[in-house]
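A quick write-up on the structure given underneath.
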Amino acid sequence: MAQTPSSTASTEVAKYVQTQNGIPPSNPVSSAMDPYHACSILQQLKAMYDEGKLTDIVVQVDHGKHFSCHRNVLAAISPYFRSMFTSGLTESTQKEVRLVGIEAESMQLVLNYAYTSRVQLTEANVQALFTAASIFQIPSLQDQCAQYMISRLEPQNCIGVFSFADHYGHQELKEKAQDYIRKKFLYVTKEQEFLHLRKDQLISILNSDDLDVEKEEHVYDSIISWYEHEQETREMHLPEIFAKCIRMPLMEETFVEQIPPIFAQAMPINRVQKGKISANCCTRRLGMTASEMIICFEAANKHSGKKQTVPCLDTLTGKVYKLCKPPGDLREVGILVTPDNELYIAGGYRPSNNDVCIDHKAESDFWLYDHSSNRWLPKAPLLRARIGCKLVHCCGKLYAIGGRVYEGDGRNPLKSVECYDTRDNCWTAVSLMPVAMEFHSAVEYKDKIYILQGEVFLCYDPPRDYWCYLTPMTAPRVQGMAAVYKDSIYYVAGIRGNHRVLTVEAYDVEQNRWTRKKDLPCEQSSNPYIKLVVFKSKLHLFVRATQVSVEEFVFRTSRKNSLYQYDEIADSWKKVYETPERLWDLGRHFECAVAKLYPQCLQKVL
């Protein structure tokens, strides 16, 4: 029914009264948004680009390659093109524009990114694409290229990436490359690219406190190598480089005395007289502070209930430090320290709030420890979640082996094995083990992986992706510990039948033969929990022992953590260290790893 003029007026009056009284008038209009609208438009624009429909500009790049596309898409993604098409200059009205210095593949990738938001990067195209993104002022694409280059830094290319980032002024890429150079300094100086650094670039690297070198002499040697590559043009720079980069008090006096006159003359006279300057006046490089420590995972601080902590024991100074605990309080993780001193953890489980629940959910987490910041960096997750897997470094790659999950009918050990490529940050499955494994041991020796558990002794050949059985140990047992020491695989302790044993055996890989050694020097009554590690190039046992005493008819327990060193000639173990105080509780599942750590980056607890 149509409204009369009076009814319309009444409605307007009512709205006015509501507004005056602070009551918003009812509004039947609502706002809605389609979350797929933008994607749909992008898909349609890409379809028209592929079909050559409604295109209004042709872009010509190097070698005469032409691309028909849409002005509005180019202008939307790139301030460079927006300015070109809206400035009123000649290009704004032309049907075709020519771009010099842009490769056809790079232009194709830029257009794919503009129309799809996706880009396929490779080592062959990333720098050319970064250059194009820089010219077209597309920072989001530049950042993707930068992250790709950061993820693939290695001694062979880091100098080139550093120089490339320096040229284009990309600060994050430059800093990451520079950090990598400092961390891998001794490897980088062996590369030809190091000799092509500019003077200012060389100084920016060598004058840093974060240089990972154990001796200042390495810094001096790198300068001499750089100088000798172009002696005539670089001799004039030596005084400045020595003055800004060499910390003479940190060098051995005998080394300083043997410096050739041509280089000694380039150094300030008072700096050559090392004896007159105290080493305390110079800040030591980061690498000079490194100390090999024993890291204990799954420890609990005695003052914090069950809260996990990761103590690190420096036996040289007697100090204890604390490493950042695994993210989300992960337990029973696979642990690995690579030959390059990179610390990884994988899998595990996160404790449940329900103390009754023992069927823990397996996790697929994979983390790399960053020494300088004392934090864990996320990496590509495992293909298969697993608890208690073993991590092994072999042939330049990492392997996650076995473990267990709680699925279906309960607890299930795993046969699966996966391989991690550090350059591509990805996992791939490899051949299954012949038998499922949990609570096993895994070690690497001469590019092969050895798995031990009870009567099963397996060998894996990564290049052939092949498993084979080897001669089992003479006293088969489970839940023992294995380590490689002086061309033999040692397997110690474990459970045989229902009894814990302290048996030690050594396997000669070349002879395919097991040899029985003397038992461990631990008292069974002390209920010892034992971990086997190679520490300071020697085979060691880390032992948690429990002692029971009676005081006034009250039983009291105390625990001691001790370190025993093996003498292979005498076939004996000697206690070489005892922790000054029990700062933490080591449960049944504690694990030990050995790595070089930087005390200044850790939290000191004793």
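Cβ from N, Cα, C; glycine included.
Feature annotation from Swiss-Prot assigns domain 'BTB' to 55-123; the stated evidence is sequence analysis. Residue counts for the domain 'BTB' (55-123) by DSSP state, with H, G and I taken as helix and E and B as strand, are 34 helix, 11 strand, 24 coil.
Summarising the annotation, Swiss-Prot assigns domain 'BACK' to 158-258 and lists sequence analysis as the type of evidence. Here the domain 'BACK' (158-258) has, by DSSP, the following mix of helix, strand and coil residues: 77 helix, 0 strand, 24 coil.
Averaged across the repeat 'Kelch 1' (342-396), pLDDT for the predicted model comes to 91. For 342-396, the entry in Swiss-Prot reads repeat 'Kelch 1', with the evidence type sequence analysis.
Sequence annotations record features per position, and here Swiss-Prot assigns repeat 'Kelch 2' to 397-447.
The feature repeat 'Kelch 3' is assigned by Swiss-Prot to 449-487, with sequence analysis given as support.
Per Swiss-Prot, repeat 'Kelch 4' is recorded for 488-534, and the stated evidence type is sequence analysis.
What Swiss-Prot records for 546-593 is repeat 'Kelch 5'.
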